[in-house]
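Engineer: So Swiss-Prot lists these for the protein:
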SIGNAL    1-27  signal peptide
DISULFID  37-85  disulfide bond
DOMAIN    37-85  domain 'BPTI/Kunitz inhibitor'
SITE      39  site 'May bind Kv1'
DISULFID  60-81  disulfide bond
C-alpha cells in the first residue's frame, strides 16, 4: 500500500516537472538570464486591482495585477511594455 502511494507521487511529480520545466527553459537566455518578455502573465497573490500590461509573445495586453507577487512581465503602461519587449 505504501509503495503504491510512493509510486503515484513520483509519477505525479514527474508529470508536473515535464509540464513546468520546458516553460521555464523557454524564458531563459543562453547565459542563464530570464527573458521577462517570455514569462506568462501572473496576476500575483493579492486581491487588489491594478490594470497592468504584459507581453504575450506578440503584443502587449492588459491584465489585472493583484499588487503582490507575480513575475517581471508586468508594466505600468502599454508604451513601457512595447519599449521593453517588442522586437524592431
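Here the Cβ of each residue, glycine as well, is placed from N, Cα and C on the backbone.
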Engineer: Using the alpha carbons only, what distance in Å do you get between residue 81 (disulfide bond) and residue 37 (disulfide bond) once rounded?
Structural biologist: 9
Engineer: Test of understanding: give the count of other CB atoms lying within 10 angstroms of the CB of residue 60 (disulfide bond).
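Structural biologist: Neighbour count, Cβ to Cβ under the 10 Å cut-off: 22.
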Engineer: Could you tell me the C-alpha distance between residue 39 (site 'May bind Kv1') and residue 60 (disulfide bond) in angstrom, no decimals?
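Structural biologist: Each residue's Cα considered, residue 39 (site 'May bind Kv1') and residue 60 (disulfide bond) end up 12 Å apart.
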Engineer: Does DSSP give residue 60 (disulfide bond) helix, strand or coil?
Structural biologist: strand
Engineer: Enumerate same-chain residues with a sequence separation of six or more from residue 37 (disulfide bond) and a Cβ-Cβ distance below 8 A; give 'none' if the list is empty.
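Structural biologist: For residue 37 (disulfide bond), the qualifying residues are 55, 73, 84, 85.
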Engineer: Determine the mean pLDDT over the domain 'BPTI/Kunitz inhibitor' (37-85), rounding to the nearest whole number.
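Structural biologist: Averaging the confidence scores along the domain 'BPTI/Kunitz inhibitor' (37-85) gives 96.
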Engineer: Based on Cβ atoms within 10 Å, give me the single least packed residue among the recorded positions 39, 81.
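Structural biologist: Comparing Cβ neighbours within 10 Å for the recorded positions 39, 81, 39 has the fewest.
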Engineer: How would DSSP class residue 39 (site 'May bind Kv1') in three states?
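Structural biologist: For residue 39 (site 'May bind Kv1') - judged by DSSP and reduced to three states - the answer is coil.
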